[in-house]
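J.: Swiss-Prot lists these features:
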type	residues	note
BINDING	T89, R90, K91, D92, N160, V161, G162, K163, S164, T165, G224	GTP binding site
DOMAIN	42-228	domain 'CP-type G'
Amino acid sequence: MHINVRGTRKIISNVSSFTPRYEFPKYSMPLTDFKGHQVKALKTFEKLLPQMNMIIELRDIRAPLSTRNVVFDRIARKEHDVMKLVVYTRKDLMPGNKPYIGKLKNWHEELGEKFILLDCRNKTDVRNLLKILEWQNYELETNGGYLPMGYRALITGMPNVGKSTLINSLRTIFHNQVNMGRKFKKVAKTGAEAGVTRATSEVIRVTSRNTESRNEIYLIDTPGIGVPGRVSDHNRMLGLALCGSVKNNLVDPIFQADYLLYLMNLQNLNDGRTELYPGSTNSPTNDIYDVLRRLQVNKSQNEKSTAIEWTNKWRLHGKGIIFDPEVLLNNDEFSYKNYVNDQLEKLGDLSYEGLSNKLKGNPNQVF
């Protein structure tokens, strides 16, 4: 998808002569990072779904389109009785943007989806998710739904969107409730790079039976799953790269840095007090090499290492930047519902026989 955001919002610059780019070049890059262990995980999903009461799909709040996986949409539509909850992670990196949250609300209402925002390390946020699980379990029990195997939720999402961190946080809360004073051991590996979890984990208990519920609640952690090349494009791949949802070396760091610069200038987050990059307040630029020269702390630092350092800083700690340019479009210029339906049409009907060949495809294919 080639996005032109010209005219979609008023761009105000402290430098009146500066005009941001409204289109981003199509650099040559892989468009998918789909791997063999992900195919195996998807086959496992099909077997597990009849046992599940809820699918929890995690997405990065900064990239609601890039981290939405159409494969999960297809799976969820096969199991109509399974509730799906979308959880946007890294809420702390998108503070106070009410218009954006309002747009997300409208998008999900179009599709009849439920969603919440949270910081996977924030105990209050995580407890709120636990309350949702407990309430859904309570409603099921109220309608006579005793579950001998417990209430089960499958945690899914793109690589490195916070699945394992969330599970560890939920497990920590449970551990502290039943084992006061005893040391807690993580049950799911976490990391700053995509691909830490590579296999579907054992069932993880997060609540016990009590006077209010006969059902225990269990979670199943899963590896991050990418998308096939035919439902990806340059914007999606660059958005995933900035989120850390693909391997660092898959997309050229200069391309990533240039995309970040493009998004920064488009969104005009500059409030006149904080520099997004050196000179952004007084001398904004569309030239990524100019920005990299400004960022270099010494002459021995090359452009790629500077680009990696800058994008990593924003990936981990940068606040307020949206990584999907479609979010900047007006409602009459971009339809979320049409976007999702188009993705489903491109994906087609999937059977799990021969799934490896169907999904892997050519990493550079765009159809």
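Every residue gets a Cβ built from N, Cα and C, even glycine.
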J.: Show which residues of the chain containing K91 (GTP binding site), separated from it by at least 6 in sequence, have their CB under 8 Å from its CB.
T.: I61, L117, L118, D119, N122, D125
J.: Give the number of CB atoms, excluding that of G162 (GTP binding site) itself, located within 10 Å of its CB.
T.: 23
J.: For the GTP binding residues given in the record (T89, R90, K91, D92, N160, V161, G162, K163, S164, T165, G224), what is the largest pairwise C-alpha separation in angstrom?
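T.: Those residues reach a largest Cα separation of 22 Å.
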J.: Ranked by the number of other Cβ atoms within 10 Å of their own Cβ, which of the binding-site residues S164, G224 ranks first?
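T.: Of S164, G224, the one with the most crowded Cβ is G224.
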J.: For a quick check of packing: other C-beta atoms within 10 Å of the C-beta of T89 (GTP binding site), how many?
T.: 26
